[in-house]
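Quick notes on the structure that follows.
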Amino acid sequence: MIMNEKCFHIKTYGCQMNEHDSEKLAAMLAQMNYLEADRLDQADLIILNTCCVRENAELKVYGNLGEMKHLKEKNPDLILAICGCMMQQNHVVEKIRKSYPFVDLVFGTHNLHRFPELLVNAQSMEGLLVEVWDNEEEIAEDLPVERKYVSKAFVNIMYGCNNFCSYCIVPYTRGRERSREPEKILEEIHQLAAQGTVEVTLLGQNVNSYGKTLGEKVDFADLLYLIHGVPGIQRIRFMTSHPADFSEKLMEAMANLKKVCNHLHLPVQAGSNRILKEMNRKYTRETYLDKVQKLKSKIPGIAITTDIIVGFPGETDEDFEDTLTLVKAVGYDAAFTFLYSVRTGTPAAEMKNQVADEDKMRRFNQLVAAVNEMGLANNQRIMGETLSVLVEGISKNNPDRLTGRTETHKLVNFAGKKEWIGRIVPVTITDAKTFSLLGVCPLEDDDV
Ligand code: 5AD
Ligand code: SF4
């Protein structure tokens, strides 16, 4: 048999949805006998899986394309492909055509499953091959997936978004909301469990509206009950939840189902009702805080994390103060904080009252300080507790330590045996930092 000895390297930008798409691309390439290369200069095929949620992510891609040009000059047989959210925008594809003529293949988010055929076609022709679909007619099922970890896996439950938050490009690049059939999701999770997966993260832009395109025969809470019944799966996570659609029924499901982790990522984006309205978020600070209160009383010890945008058009110091007071009222365990970034094609990009950069930066720094202080205080509160930790691997900073995550999604480093990787073990927390915890595992001495 003649083996194809070609190597690929995928660079992924952006969210978990993109990371999971890259896992699918890697699996398609494995089926084509490609091997994964650690370094760009070892690869015969480089794929950039792009993100366009904020301008920074786009700038990174253009920066990396400069580097690709040199690699192409050194190795004219190198195939360079670009995919992901950026490619769903016409002006980006036009810019690639004009300014980066050495790119071989461009495809989008809706035709990922067409990649093997597109690759073969791109290899056999000169110049750039572009195939970007505006919509995905049907969800492509049964794509292979090359999982990064055995113990934990991402599972798409839905695609696209119908919310049209006024700052966000995602509804334009990922298209309309579409839910996968529950049977297909369960089949995938049963297979994962059979291969040793203990934790699944259900992915969707707004998991709380799961099922709407299926004639409402099953909603997200129902889906959680179904997945909870899969033997072998010990932890269920999900992201992202839109606060407007976060129902009492879902809260009950989270409280009742032991395998659903006591962590909720609930992006608030802003604390001022006026800004929330301009953002088209469809909830108020009061209804948000009310849901958080109920969650905390129903699920003691739940960790709540969020996304916050600073400097949305028209945001005043008073509006920002509302964000700060909301952040303190919730007492988040962690928050992703973003400077508002103008996205062409979104309603907010047309708003006249853009905030000056220095005001944005000042508020951003204030917010980060508040969030970090709170994160540290929350971490300090759990010192001395013994928590179950899914061991993910060896710590990057200290090869003598293992690293893993608590149910509340906190990162814990502790001494232990390599054989524990992929298992859930108890860890007693001995030290708290802003972004991680240190601990000791009581199993250490017994487990010979
Ligand atoms: N500018 C800044 N942040 C944004 N996000 C989405 N669009 C923008 C934008 N135009 C943030 C939101 C979202 C997260 C994934 O990215 O906080 O929840
Ligand atoms: Fe973007 Fe809003 Fe949809 Fe999230 S819910 S993907 S922020 S439009």
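Placed from the backbone N, Cα and C atoms, the Cβ positions cover glycine too.
Caution: TrEMBL annotation is automatic and unverified by curators.
Keep in mind that what you see is a predicted model, and the values were worked out from it rather than measured.
Checking the candidates C85, C161, C165 against TrEMBL: the one annotated together with C15, C51 at the [4Fe-4S] cluster 1 site is C85. Taking the Cβ of C51 ([4Fe-4S] cluster 1 binding site) as reference, residues of its chain lying under 8 Å away and at least six apart in sequence are, in sequence order, Y13, G14, C15, N18, A57, E58, G84, C85, M86. In the vicinity of ligand 1, defined as a Cβ distance under 6 Å, the following of the binding-site residues C51, C85, C168 are placed: C168.
Only C165, C168, in sequence order, out of the binding-site residues C15, C51, C85, C165, C168 have a CB under 6 Å from ligand 2. Across the domain 'MTTase N-terminal' (6-124), the DSSP tally of helix, strand and coil residues reads 65 helix, 23 strand, 31 coil.
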